[in-house]
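Copied over from Swiss-Prot:
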BINDING   LYS485  ATP binding site
BINDING   ASP715, ASP719  Mg(2+) binding site
COMPBIAS  1-11  compositional bias 'Basic and acidic residues'
COMPBIAS  26-36  compositional bias 'Basic and acidic residues'
MOD_RES   LYS9  N6-acetyllysine
MOD_RES   TYR10  phosphotyrosine
MOD_RES   SER16  phosphoserine
MOD_RES   LYS21  N6-acetyllysine
MOD_RES   SER38  phosphoserine
MOD_RES   SER226  phosphoserine
MOD_RES   TYR258  phosphotyrosine
MOD_RES   SER450  phosphoserine
MOD_RES   TYR540  phosphotyrosine
MOD_RES   LYS659  N6-succinyllysine
MOD_RES   SER673  phosphoserine
MOD_RES   SER941  phosphoserine
REGION    1-36  region 'Disordered'
REGION    214-233  region 'Disordered'
REGION    594-715  region 'Mediates interaction with SCN7A'
TOPO_DOM  4-85  topological domain 'Cytoplasmic'
TOPO_DOM  107-129  topological domain 'Extracellular'
TOPO_DOM  151-286  topological domain 'Cytoplasmic'
TOPO_DOM  307-318  topological domain 'Extracellular'
TOPO_DOM  337-770  topological domain 'Cytoplasmic'
TOPO_DOM  791-800  topological domain 'Extracellular'
TOPO_DOM  822-841  topological domain 'Cytoplasmic'
TOPO_DOM  865-916  topological domain 'Extracellular'
TOPO_DOM  937-949  topological domain 'Cytoplasmic'
TOPO_DOM  969-983  topological domain 'Extracellular'
TOPO_DOM  1005-1021  topological domain 'Cytoplasmic'
TRANSMEM  86-106  transmembrane segment
TRANSMEM  130-150  transmembrane segment
TRANSMEM  287-306  transmembrane segment
TRANSMEM  319-336  transmembrane segment
TRANSMEM  771-790  transmembrane segment
TRANSMEM  801-821  transmembrane segment
TRANSMEM  842-864  transmembrane segment
TRANSMEM  917-936  transmembrane segment
TRANSMEM  950-968  transmembrane segment
TRANSMEM  984-1004  transmembrane segment
Amino acid sequence: MGKGVGRDKYEPAAVSEHGDKKKAKKERDMDELKKEVSMDDHKLSLDELHRKYGTDLSRGLTTARAAEILARDGPNALTPPPTTPEWVKFCRQLFGGFSMLLWIGAILCFLAYGIQAATEEEPQNDNLYLGVVLSAVVIITGCFSYYQEAKSSKIMESFKNMVPQQALVIRNGEKMSINAEEVVIGDLVEVKGGDRIPADLRIISANGCKVDNSSLTGESEPQTRSPDFTNENPLETRNIAFFSTNCVKGTARGIVVYTGDRTVMGRIATLASGLEGGQTPIAAEIEHFIHIITGVAVFLGVSFFILSLILEYTWLEAVIFLIGIIVANVPEGLLATVTVCLTLTAKRMARKNCLVKNLEAVETLGSTSTICSDKTGTLTQNRMTVAHMWFDNQIHEADTTENQSGVSFDKSSATWLALSRIAGLCNRAVFQANQENLPILKRAVAGDASESALLKCIELCCGSVKEMRDRYAKIVEIPFNSTNKYQLSIHKNPNTSEPRHLLVMKGAPERILDRCSSILLHGKEQPLDEELKDALQNAYLELGGLGERVLGFRHLFLPDEQFPEGFQFDTDDVNFPVENLCFVGFISMIGPPRAAVPDAVGKCRGAGIKVIMVTGDHPITAKAIAKGAGIISEGNETVEDIAARLNIPVRQVNPRDAKACVVHGSDLKDMTSEQLDGILKYHTEIVFARTSPQQKLIIVEGCQRQGAIVAVTGDGVNDSPALKKADIGVAMGIVGSDASKQAADMILLDDNFASIVTGVEEGRLIFDNLKKSIAYTLTSNIPEITPFLIFIIANIPLPLGTVTILCIDLGTDMVPAISLAYEQAESDIMKRQPRNPKTDKLVNERLISMAYGQIGMIQALGGFFTYFVILAENGFLPTHLLGLRVDWDDRWINDVEDSYGQQWTYEQRKIVEFTCHTAFFVSIVVVQWADLVICKTRRNSVFQQGMKNKILIFGLFEETALAAFLSYCPGMGVALRMYPLKPTWWFCAFPYSLLIFVYDEVRKLIIRRRPGGWVEKETYY
């Protein structure tokens, strides 16, 4: 985004003749955006700035010149990305993936009906009904999915909210408020506390100006802005303020150096909207499954089409058969089952504080192998808290737990009382009103993060700070500023045994120590000699090394003879001592890890998931937090740790000896992708510190190059490109910016890393349960297809009709299939490695072999047994049925003889045939009972798993009740051509149901007894 990037770069490219030119340009643009922010305006002197932009530093641009630049560069606004129209999204739901298979089925049905209508006098309406039902299924499920996902999308909408409406510019020497879109490069702009920065500014003058850069760089503390060039990196230097960040206090004046899409924020917006999200793993799985099913259907269809022509059927009949076989292979209910299963899991996750925006993301989280987590607010509590104190020449640990259950220290020490008094008095933070009944740590505070931490600590240890402040009334105060780096106040001292005025001071330790001549030890003041100074310095370095923010505290009792009652203290022309004070102690603060985080990180490690911390913080702080959160585990060393232990230079340590690794953003900037790949490959515990948004994206891409499925957490605008690029983006619900929530697939409502682990568990469970659900649904395909195939080959009366197939797929099988989504995990699913998307498929050859080749075949036998029993009871023995089809289906023949010589009219024959259809249907329901029970587990015995799934038990009753209703309800003979059955016919399939159960229990027993053996390799899906 430096000077080299001309304005033409951002104009829409002319439509090229070749699509690949466009693609190459898009890739080039994306590479350009991934580069670090490069600008040199922060290095220029005011004179050079004036020459570069032609701006008068006191009068600004002329109105005419501003108009010219506006015409050249266009408005100061973010270009909205091309959005997908709603109708296109709806069509994707209607015609994407699985739906396409059903549409093809429906079209083939209408085609078959058309052929029948054209060639027969009284065609049957089965195919017409089937076509209508299939279309209805797709439309209803499509609407449902569209409704579920319509709640998301539109990344740029949130960026629009970030564009400030008005800006104060100086043109022709006059201040004027203009629409922010009219701000141009070279404009002289003024901002004050509460304003949003209207463009990227080079600050030329400032007064106590602080900006909140958290949405851009992830730094939680407000950053000082001044005209000084303090850092080579434009994101770190103090003299650049960025578009759409907030000015929180003070005033500043600056020259606009970038506008619109060319600003740092504009680049991030372009980056986020230009990224391709990629296909979710579950979408890829469903696509793979459709290929398998379509392959099977077409292979069977074409084989039997050729076979029927060989068997001398007419080509019209052969086409009808072809269509029938393809449609019979389509599991009509599966699309709805998968959608409902994912929705149920999404609802279950919402109850556990994970809000899923994109249904397919539910499963993606389960296959995650790497989590790149932000630090602030996700791994840590989003607040500072006191971690350690140093007084009486030793370090004391404070209690940082959320429920105050940790260690304590001696609170009766006179030095601690003096230290707590300074921390309470030299502090502007106050509790907000009406919170008396809330626990102290949960109360809201008006004040900055460090002072809030001190206030809560003193309130917990010493009682009411407000009462302390009332007793020690404040007389004057010098607030903290970046030059002095200390805060000072003078108070009335209520203790009559001591001088009347107490001066208290806190600030950066290095500034504090210079001003002290004595130290308070065990309540007694002693001179500060070199030995004590070294002890202080070491304590400061030790606390700083823990990644904590250290503040020093000292006081001074002002002598009464110099400062009598009513003395007028002057803070402008200081008339009181600020040197030779008495040092009391240090207090250090940290953003502590959330209580559940170390446990959650441990769970991830057990589940084979790598947790990488990516933060904008200083490496020392980042490393300390990573150790506290368990990301760098006990005993694992970085290269620096090994060098320190062996007392050798860092370069002599082999990087591969270190399991842990802390990478600084500036090092990452100079790395090739091969070097980054090496770090990701050879180190198990990684922390990236001081990273920029572009680098976060590069880290995600690096992990994906390793074949990892990456989840990324983030809350700032700076995180949205990485959230979009990741396989699953997880945004923070409480502190997250709108932009990050738009880019993410999932939102953590409680901002807690532990909720992600819950999500991973749910994701793994739904993958297992979807497998079971699909295995259950596919099994009944075989008893549905085989009647049709035998009907063609053996020329027997049709054993099972199209309408009855629909009653199974969209009726009796639906609730049981969905009930498997409620099944509990078989074993500890968080103890196994993440699944490999290349090898561990949702539907694999073993699942097809089990469903079609084994269990499905037993089910088909059960159905045919019932079919032959009924026809035999009616006089048609099995041998007599061969070749009977042509006469049987001819409506003009009314004297077909059975095995005993009885004659049957067409009407009578059809009633027996439809009774057989009903009985075959009931047999499938009976054998599906056993199938449902065996699908509860893939490895364990059903007796180990138990029958605790109430929905599944309801499913068993529901499918039986529905089958009975369809069979016995008056009028069904006309509506669905289903007829009442004798009670004994229900029992024909029972032995087959029992056989399925026993067969599968034995198979699972062998798998458990001989892990890795032949049975597991061939049948464990």
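Every residue gets a Cβ built from N, Cα and C, even glycine.
Other Cβ atoms within 10 Å of the Cβ of TYR540 (phosphotyrosine), summed over all protein chains shown, number 19. Touching of the transmembrane segment (319-336) and the transmembrane segment (801-821) is concluded from the presence of at least three CB pairs under 8 A, sequence neighbours closer than 6 excluded. Across all of the topological domain 'Cytoplasmic' (151-286), the predicted model scores a mean pLDDT of 81. Counted with DSSP, the topological domain 'Cytoplasmic' (937-949) comes out as 4 helix, 0 strand, 9 coil. For ASP715 (Mg(2+) binding site), the nearest neighbour among the listed modified residues (SER38, TYR258, SER450, LYS659), judged by C-alpha distance, is SER450.
In sequence order, GLU1001, LYS1004, LEU1005, ARG1008 make up the list of same-chain residues 6 or more apart from SER941 (phosphoserine) whose Cβ falls under 8 Å from its Cβ. DSSP assignment over the topological domain 'Cytoplasmic' (151-286) gives 35 helix, 49 strand, 52 coil. Counting Cβ pairs closer than 8 Å and at least 6 residues apart in sequence, the transmembrane segment (917-936) and the transmembrane segment (984-1004) reach three or more and so form a contact. SER226 (phosphoserine) has TYR258 as its nearest neighbour among the modified residues TYR258, TYR540, SER673, going by CA to CA distance.
Separating the Cα atoms of the residue listed as 'N6-succinyllysine' and TYR540 (phosphotyrosine) is a whole-number distance of 29 Å. DSSP places the residues of the topological domain 'Extracellular' (791-800) in helix, strand and coil in these numbers: 3 helix, 0 strand, 7 coil. Sequence-distant neighbours of the transmembrane segment (984-1004) (same chain, 6+ residues past either end, Cβ-Cβ under 8 Å): 854-855, 858-859, 861-863, 865-866, 869-870, 919, 922-924, 926-927, 929-931, 933-934, 937-942, 1015, 1019. If you look at the transmembrane segment (130-150), the same-chain residues 6 or more away from its ends with a CB under 8 A from one of its CBs are 86, 89-90, 93-94, 99, 102-103, 105-107, 109-110, 113, 327, 330, 332-333, 335-336, 339, 343, 346, 357-359, 802-803, 806, 810. In this structure the alpha carbons, written CA, of SER450 (phosphoserine) and TYR258 (phosphotyrosine) are 34 Å apart.
Sorted by the number of other CB atoms within 10 A, the binding-site residues ASP715, ASP719 start with ASP715, the lowest.
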